[in-house]
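The structure under discussion appears below in the form of structure tokens.
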Amino acid sequence: MMSRQAFLCSLGSVYLSLLFIFLLMDVYARPANNSVLKEKAADSKDENEILPPDHLNGVKMEMDGHLNKEFHQEVFLGKEMEEFEEDSEPRKNRKKLMVIFSKVDVNNDKKIGAKEMQRWIMEKTDEHFQEAVEENKMHFRAVDPDGDGHVSWDEYKIKFLASKGFNEKEIAEKIKNNEELKIDEETQEVLDNLKDRWYQADNPPPDLLLNEEEFLSFLHPEHSRGMLKFMVKEIIRDLDQDGDKKLTLSEFISLPVGTVENQQAQDIDDDWVKDRRKEFEEVIDANHDGIVTMEELEEYMDPMNEYNALNEAKQMIAVADENQNHHLELEEILKYSEYFTGSKLMDYARNVHEEF
């Protein structure tokens, strides 16, 4: 029989081995870009409530300039995205997808055309818009505790710094007395960017006070044409290397992704460049002259642009249109379910006949 001391030593060795494995996993789990970090942002609920999110549902590009990898699922599933989780039972997901197919197929001819898909995309995008409006009501209350319907920049600044760990009462007192705030350089840079965004969201006549509607534009620039322009200017400013306020292909694909640490990371970076090249050449650069202007990027970013929705519909159909009839049958959508829902449904052909 093993002695207690020997058992404890053995247990300690196992623990150290596991710890070493976890550390290795952490080292090699480097995200490819800042957008992947959005899950970590959820760790700070208070900060999440008042900071403009990087990821905007139904918008093709993140606010940090990265492509929205979930765009196709967002404009096909709308608010039902959460129902299609990777660990969900495939049979249930197939039934959900069949129900969605019947809703998109408004003329009941058992196939989906571009116009039907365009209408559906606009409807699902509007769902995301309405969801943002409802969330904004809650977020606005978080920064307007006195309920007067307006929030000043100083009030917001206090809440923001409190979310970063500063003492709210001390910060409020110093701001009231116009005393200098000791803020680290990184936090100050974020504050400066937020202040620019705050001024842009302040509709004429400017009073530096945001009401609930203006605060919605502050958090969700896709809801305001003026703020959409501002977001495009920010993205171009970050990517434009020669200062001409336009983007070349090389500028668009040269956004730093991170230090390449191993072959796996190199593959991730290569895929990222490939995706951006394709999006630039086939979608964003509308006149295919090798240059993306602010106007082209604005049209690309506008989630309620019907022409864009029609183009998106045609692209989504082309991905799964195996019989080349420019329509989607149910079998095709089931086979390419991962593209439309993020969930891979196996044995699609057998199952679709079983469930009809």
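Note that Cβ sites are derived from N, Cα and C of the backbone, with glycine treated the same way.
Per TrEMBL, the features are:
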SIGNAL    1-29  signal peptide
DOMAIN    92-127  domain 'EF-hand'
DOMAIN    131-166  domain 'EF-hand'
DOMAIN    227-262  domain 'EF-hand'
DOMAIN    272-307  domain 'EF-hand'
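Within the chain carrying the domain 'EF-hand' (92-127), a Cβ under 8 angstroms from the stretch's Cβ atoms is held by residues 58, 74-80, 83-84, 303-304, 306, 309-310, 312-314, 316-317, 325-330, 333-334, 337, 340-341, 343, 345, 348, 351-352, 355, all 6 or more beyond its ends. Long-range Cβ contacts of the domain 'EF-hand' (131-166) within its own chain (Cβ-Cβ under 8 Å, at least 6 residues beyond either end) map to 44, 46-47, 49-51, 57, 79, 172, 175, 181, 183, 187, 191, 194-195, 198, 208-212, 215-216, 219-220, 223. When the domain 'EF-hand' (92-127) is classified with DSSP, helix, strand and coil residues number 27 helix, 1 strand, 8 coil.
DSSP states for the domain 'EF-hand' (131-166), grouped as helix (H, G, I), strand (E, B) and coil, give 24 helix, 2 strand, 10 coil.
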